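Enquirer: Positions annotated as ATP binding site by Swiss-Prot: Ile168, Gly169, Lys170, Gly171, Ser172, Phe173, Gly174, Lys175, Val176, Lys191. The motif 'Nuclear localization signal' annotation in Swiss-Prot covers 195-205 and is backed by similarity to another entry. Sequence annotations record features per position, and here Swiss-Prot assigns active site, proton acceptor to Asp286. The phosphothreonine annotation in Swiss-Prot covers Thr320 and is backed by similarity to another entry.
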Amino acid sequence: MQRDCTMDYKESCPSVSIPSSDEHREKKKRFTVYKVLVSVGRSEWFVFRRYAEFDKLYNSLKKQFPAMALKIPAKRIFGDNFDPDFIKQRRAGLNEFIQNLVRYPELYNHPDVRAFLQMDSPRHQSDPSEDEDERSTPKPHSTSRNINLGPTGNPHAKPSDFDFLKVIGKGSFGKVLLAKRKLDGKFYAVKVLQKKIVLNRKEQKHIMAERNVLLKNVKHPFLVGLHYSFQTTEKLYFVLDFVNGGELFFHLQRERSFPEPRARFYAAEIASALGYLHSIKIVYRDLKPENILLDSMGHVVLTDFGLCKEGIAISDTTTTFCGTPEYLAPEVIRKQPYDRTVDWWCLGAVLYEMLYGLPPFYCRDVAEMYDNILHKPLNLRPGVSLTAWSILEELLEKNRQNRLGAKEDFLEIQNHPFFESLSWTDLVQKKIPPPFNPNVAGPDDIRNFDAVFTEETVPYSVCVSSDYSIVNASVLEADDAFVGFSYAPPSEDLFL
């Protein structure tokens, strides 16, 4: 059976996972909802499903595809359905089920699967392979996919320089792995991307934009840094800081919400990182708890720069529809021009979630959530300070021109009374002790990563270099398309 995700099917092969589950109550009934992350190209969204919905899909598909031998965890007749170990085991089984669905075009293009994953929803149909403001610019005629993407760096690094130990994350183009460099025993997070998938989705520009942003991050303490990058004939490799305190999302799911001092500390470090990006004319555009990591001491580290927009000065705007539904600003939903203040809206949404446990306008129905973001007044419940209420109201202002940060950007956030007790100088110098210590056991501790990832087998293909003599023409063309991807820092810094 064919497993090619790039042939003449409706769209790119989706990537799916179940990062978490949550308990809900409705009309005095208690049930577990599983949060399914779906990625197709540069679009990404969440779908919330109960076990009964997985079971219904399974029963429909097993009759139509008996040879597939699909399976899901069995219904539990006796025992506690809300036992944490049972829910964890069931989530792993359901994750395996949906992973199998997206391996086969016959399955992931089936109407029941597409409906289950909401793949045909109009809100997921935008094609961000090009920015909207760039589509209107006429492009010179070209008959080749080969492009020069920057200066060539150090070509000597190779996959065999590393021992690849664990899968610690997944995306639509590849995986992130914990790797140990053989030369000095240092641990890194290595992001491995498939060139063929990147090319088929016309994403070279976004990959190189991410690389460019990463190169600038070494100057800021709360942004993940790129040590170097290299490529084989089939894959691209980013060698990044390994940050093992866990996603903010991971800790927030476990603790539901944070005390205000802890939320303030994280918000300040996030704001500092965003302020730095803005100072070098970069808008982040995709702030969410899943993209905010904690290091081994408990400091914030912002990661994943694939949706960053470069070259945006304080008065500039852009129009691309991108981001994650729960955190989209009103002007993005309306497809109106937006500016740096989109990041301050997202900061408000993340701060609100840290304090209250859910994003500010959250609803399981995404269309209704969009309507809430556009029209519903902000609901500020008791339990937080007046200055917290104030900054949430000002960051989550629906009119971007009146939003906190609209006039003087990061300076306005720094000067807000909510942060009055903080020394921003001490913060950037990491002199303020974090309010929470992840208590990692060492540089290779992965306890704060989801077992859905870490229990996966490390693919052998990421560990080897391809031989040019045996690759086909399309792979060689892919290699030409990424001229300039490889990067090495100055030699004195290479093995620090």
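Including glycine, each Cβ sits where the backbone N, Cα and C put it.
Help me picture where these features are in the structure shown.
Expert: The 10 Å shell around the Cβ of Lys170 (ATP binding site) contains 19 further Cβ atoms across the protein chains shown.
For the motif 'Nuclear localization signal' (195-205), the model's average pLDDT works out to 71.
DSSP assigns Asp286 (active site, proton acceptor) to coil in the three-state reduction, placing it in neither a helix nor a strand.
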Enquirer: Give me the non-local Cβ neighbours of Val176 (ATP binding site): same chain, 6+ apart in sequence, Cβ-Cβ under 8 Å, ordered along the sequence.
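Expert: Long-range Cβ contacts: Val167, Ile168, Gly169, Lys170, Ala189, Val190, Lys191, Val192.
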